């Protein structure tokens, strides 16, 4: 597939994934606001921190390394060996589910059954749901590698809608079921997700469409583990790369979910405070999840497809290098401006957002300051996602192994800083520690990118330099909205709130207009790559 075609397909995947994540987060946003009226903070804390951590840890450790290794390089490969390798995620998931399940049941503090009933059933259900989801991993990688956008949209939409619908029904009619509610909905989510992929590939393989696309897998039986005559069971190059990524993924999981591990294992916050922190954390990470994550996942595929892993810039096709450098520069500029916008406007509107969302339970106490700090953290997340996306797509095995040592030191430092900052500044300490963690990772990735392109004429890191006039507009907007919050928010009635919102809308409009005037190259990129197919549909 030509580089331009890969870029087009990748942009389509990223934009579809972003819109899909918007839908998911809007639904879960409303669902959380709804459940806050029916369930205790302690129950929400156990589900969203303790049990979700179990599920995410099992899934991440079992599949992340396989995904990165098997999505690297061209789609022209021996897919039988790749599928064989991907099926190893299932026994690995069983191992992690049993091991971590025993830890969650016997080594961690068990919630009070009168406040959070059926904890043991919740641990078993969340571990089992992780194994069920891993059964669809070979199909997910096949779909992602061949950019099956519609399949991902439909599968994840159906699974999330099914989960949310069942949650609402059970919360309204059977709130006394406690963790049984979330156990059943989590199992339903994983089952629907896997079944969507299974049904699609059963119908797709052998069809005229598959033949037309020269799809490398022709039979449903080929999706199962198969022996390759006179050859090894797996591609050992992929297997060794997977092992390198596995060591890295173990450390990356600690960095990604570090605050939850500290909360879970060190008991620095009670379950109620964990619930409030998680609600604020989810609210603050909305943009990071529905925009930055789809961009990172999709453009990792683009960079890994266009440029060859382990080769320096002079040994690559120069047309592909030019395209990759241009895309990287514009992606950095895009996420930087999104992050700056969230940081500037998030500061003045955090308390109002929490008051509307969850009432005084969230808007009083540390909630507003938590969300303000998270607005700054979003800027770090934005830059780190794209820089690491490029770095991991180009690193050779030896570079990945070296980076593992950096991650090991960073993981230990992060956990120590989280522990001490939490004792010093409460739950806000978690976000400050995350900012430090992301800053170090950004420094490493930008250094790699600088070294990679230094022998060429391309300087994609200039995407991190917005125009001075735009920076001035951001500063003025921050000052105006900050004063507006002091005078009009949030205990002076709805008329004062509307004035505060109007001030923010005017400042945002001025900022957006400045972006359109000063960042014309970026606007053209967004229109041509992300919005083109939606604009065509509307004409």
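Placement of Cβ uses the backbone N, Cα and C atoms for every residue, glycine included.
According to TrEMBL, the transmembrane segment annotation covers 12-31, 43-62, 83-107, 119-141, 153-174, 180-205, 330-354, 374-396, 403-421, 427-443, 464-488, 494-516.
Counting same-chain residues at least six beyond the ends of the transmembrane segment (494-516), those with a Cβ under 8 angstroms from any Cβ of the stretch are 337, 341, 344-345, 348-349, 352, 469-470, 473-474, 476-477, 480-481, 484-485, 487-488, 522-523. Outside the transmembrane segment (374-396) by six or more residues, the chain places 68, 72, 280-281, 284-285, 287-288, 292-293, 295-296, 299-300, 303-304, 307, 309-310, 324, 328, 331-332, 335-336, 338-340, 342-343, 345-347, 350, 403, 431, 434-435, 438-439, 441-442, 444-446, 448-449, 452, 464 with a CB less than 8 A from a CB of the stretch. When the stretches 83-107, 119-141, 180-205, 464-488 are ranked by Cβ pairs under 8 Å to the transmembrane segment (43-62), first place goes to 119-141. Counting residues 6+ beyond its ends, the transmembrane segment (427-443) has Cβ neighbours under 8 Å at 255, 258-259, 262-263, 269, 273, 276-277, 366, 369-370, 373-374, 376-377, 380-381, 383-384, 387-388, 410, 414, 417-418, 420-421 in the same chain. When Cβ distances are compared across the two stretches, the transmembrane segment (119-141) makes no contact with the transmembrane segment (153-174), since fewer than 3 pairs at least 6 residues apart fall below 8 angstroms. Proximity of distant same-chain residues to the transmembrane segment (403-421), defined by a Cβ-Cβ separation under 8 Å and at least 6 residues beyond the stretch ends, is recorded for 244, 247-248, 251-252, 254-255, 258-259, 261-262, 266, 268, 395, 428-430, 432-434, 436-437, 440-441, 444.
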